[in-house]
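What follows is a short report on a single structure.
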Amino acid sequence: MASSLLILCLVLVSLASSALCAAPRRPVDVPFGRNYIPTWAFDHIKYFNGGSEIQLHLDKYTGTGFQTKGSYLFGHFSMNIKMVPGDSAGTVTAFCLSSQNAEHDEIDFEFLGNRTGQPYILQTNVFTGGKGDREQRIYLWFDPTKAYHRYSVLWNMYQIVFLVDNIPIRVFKNLKELGVKFPFNQPMKVYNSLWNADDWATRGGLEKTDWSKAPFVAEYKGFHVDGCEASVNSRFCATQGKRWWDQTEFRDLDSFQWRRLKWVRQKFTIYNYCTDRTRYPQLPPECRRNRDI
């Protein structure tokens, strides 16, 4: 009996360890000024609690944004965001990584506003070598205007994982053997912004921004950056292969994470470029390998 209980305990510990091992490290929340600087329209950024929380304001004159001080090759980046409440049609709240040249790499979270009572749409995209057109859109399973939620990117040599409250919503694998470009040698800064995009953001541009509701306000906190900092000209990370996100358990999702991703895919996906045969009669190679992600 004792030996059976011991075996059961060992199995449970093993299962718990395997379920936890692939979860990104817990983000470290820091004040805005630790990692970030304003990018434009400085007077449209409001600071609270010693810079631990900020607001971005959008009016008919301008939006605003901020970026990291450094550029990074691989890492874990997250932001706690509370979206613009009420009638947010035409607005875009963005959290993304991007390099700085014509053939740039980019990893995007874009939150598309909507009319009061209609759900936000989260659009993700990946650019490699200046080419994007890899849009996926989902509804969120909560109201992102009521409370802060954490949006994260885990980026290593093997995959890019988009996470919402630590739940994977998308994976972009390194499939260089198929000729698919992958972001691996262009340092990227992290950018956050609130701006008007009523020419496309809501119902393809049919719903315009109602400026009588301005200013539109998005709230940010957390400001977590755990990446390998590189100069803009550097094409490699000095500690490549040695950071926690490079280890074996982060080269793929574990079984629990795959189930959560499948749940998002089945319940909340409203557009996936991999299933758009009108747009892509010949599926992109990454879609032929991984149509479910």
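Any Cβ shown, glycine's included, is placed from N, Cα and C.
Sequence annotations record features per position, and here Swiss-Prot assigns signal peptide to 1-21 based on sequence analysis.
Looking only at the domain 'GH16' (23-220), the predicted model's pLDDT averages out at 96. Per Swiss-Prot, the feature domain 'GH16' maps to 23-220.
What Swiss-Prot records for E106 is active site, nucleophile, and it gives sequence analysis as the kind of evidence. The Cβ neighbour count for E106 (active site, nucleophile), using a 10 Å radius over every protein chain in view, is 19.
Under DSSP, D108 (site 'Important for catalytic activity') is assigned to a strand (E or B) in the three-state scheme. Per Swiss-Prot, the feature site 'Important for catalytic activity' maps to D108; the stated evidence is similarity to another entry.
Sequence annotations record features per position, and here Swiss-Prot assigns xyloglucan binding site to E110, Q123, T124, N125, D133, R134, E135, D199, W200, G204, R279 based on similarity to another entry. DSSP assigns D133 (xyloglucan binding site) to coil in the three-state reduction, outside any helix or strand.
Here Swiss-Prot flags N114 as N-linked glycosylation site, drawing on sequence analysis. Annotation for N114 (N-linked glycosylation site): spatial neighbours S88, A89, Y120, I121, T202, E207, criterion Cβ-Cβ under 8 Å with sequence separation of six or more.
Within 10 Å of the Cβ of C237 (disulfide bond) there are 23 other Cβ atoms, across all protein chains. Summarising the annotation, Swiss-Prot assigns disulfide bond to C228-C237 (among others).
As annotated by Swiss-Prot, disulfide bond applies to C274-C287 (among others). Mapped onto three states, the DSSP output places C287 (disulfide bond) in helix. Within the same chain, the residues at least 6 positions away from C287 (disulfide bond) whose Cβ sits under 8 Å from its Cβ are Y273, C274, Y280, listed in sequence order.
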E106 (active site, nucleophile) and C228 (disulfide bond), Cα-Cα, nearest whole angstrom: 17
Closest of E106, D108, C237 to T124 (xyloglucan binding site), Cα positions, recorded positions only: D108
DSSP three-state assignment (helix, strand or coil) for R279 (xyloglucan binding site): coil
